[in-house]
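Everything below concerns the one structure shown next.
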Amino acid sequence: MNPHTKLISYLSLLLGTTITISSNHWMMAWTGLEINTLAIIPLISKSHHPRAIEATIKYFLVQATASTLMLFSSMTNAWFTGQWDITQLTHPTSCLLLTAAIAMKLGLVPFHFWFPEVLQGSPMATALLLATMMKFPPITILFMTSHTLNPLLLTSMAIASAALGGWMGLNQTQIRKILAFSSISHLGWMAIIIIYSPKLTLLTFYLYSLMTITTFLTLNTTKTLKLSTMMTSWTKTPMLNATLMLTLLSLAGLPPLTGFLPKWLIIQELTKQEMTVMATIITMLSLLGLFFYLRLAYHSTITLPPNPTNHMKQWHIHKPTTPQIAIFTSLSTLLLPLSPMILTTT
């Protein structure tokens, strides 16, 4: 890919995200989302593989539909209330339409079908952007409108996302698909709490992004795309694979790792809101996710390949581990003791 094209795409992504998260008017928020969609398309399709082209078309159609729904929602609200301000979304129909549009943009159940397929068809670096940065603008819109959204609808979507994200990830062998279902499951945790504690949703998103960035960077360094190649990747970078295991367990939410913090706080907040049943259900559903994270961790470090492979194993890749991976890995695993400080800043 031409370096200038890549630079323009990345700058446009940054511009689109900045416009959306800093806007108060619906039209500006919509413009930022459209810039984002158009900027990521060349990055998804740059390999020119049929699967990448298919992923690009799916992504474009879904995002265009979601943007149209969002625009329709804001126009309906402006028609009835005369308000174009994002925080003044008060009309019930507009709230329902917006929830559907944002769920489509994020990949929440039942609008999740596109996300695993698009992630699978994208290069690893683009998949990382899709799983983290591209979710930030829609979550910001959800954050600004959280006080007017329908609690029953969001809770139902959240429980369904946590269930389906865990269930569908169980028998996957492609790592990008597993991480896509992991993302859907985490979005369920964010959606269930956004009405009661929007800041906690943002904290959960930041920590999820941190752990996902670490996982993607590590997998990109070892050039691992499937479980079968993950089983032999320990020969390239044994230490990196050991830290990958910790990052995956952190994504699963096991104490004493960073990933435990948002789940612990969400369960605590749900209990305060007298939603103990929902807290119990979503906690039980996280066990499904724990299973496939443990399977990934097992494949990355503990198991040896059962059969002799036909190709020569590559011992110790020549490219050294970057400082970024070291920093992100440390943050992904060791932030739990700092939770009182994190809570005072949010």
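Each position is counted from 1, following the chain as shown.
From the backbone N, Cα and C atoms, a Cβ is placed for every residue, glycine too.
Please treat TrEMBL annotations as automatic predictions, because they have not gone through curation.
Per TrEMBL, the feature domain 'NADH:quinone oxidoreductase/Mrp antiporter transmembrane' maps to 23-288.
Feature annotation from TrEMBL assigns domain 'NADH dehydrogenase subunit 2 C-terminal' to 290-343.
What TrEMBL lists as transmembrane segment is 7-23 (among others).
Sequence annotations record features per position, and here TrEMBL assigns transmembrane segment to 57-76 (among others).
Positions annotated as transmembrane segment by TrEMBL: 96-115 (among others).
Annotation comment: TrEMBL describes 152-171 (among others) as transmembrane segment. Remote same-chain residues near the transmembrane segment (152-171) are listed as 96, 99, 103, 108-110, 112, 116, 177-178, 181-192, 194-195, 275, 278, 281-282, 285-289, 291-292 (criterion: CB distance under 8 Å, separation of at least six residues from the stretch ends).
Look at TrEMBL and you will find 178-196 (among others) tagged as transmembrane segment.
The transmembrane segment feature in TrEMBL is assigned to 202-219 (among others).
According to TrEMBL, the transmembrane segment annotation covers 239-257 (among others).
Look at TrEMBL and you will find 277-294 (among others) tagged as transmembrane segment.
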Pop the mean pLDDT for the domain 'NADH dehydrogenase subunit 2 C-terminal' (290-343) in here, whole number is fine. 76
Using Cβ atoms only, state whether the transmembrane segment (178-196) and the transmembrane segment (277-294) have three or more pairs under 8 Å that are 6 or more apart in sequence. yes
Other than its close neighbours in sequence, what residues sit by the transmembrane segment (96-115), given a CB gap under 8 Å and a spacing of at least six beyond its ends? 33, 58-59, 62-63, 65-67, 69-70, 72-74, 76, 89, 130, 135, 138-139, 141-142, 145, 149-150, 153-154, 157-158, 160-161, 163-165, 180, 183-184, 187-188, 191
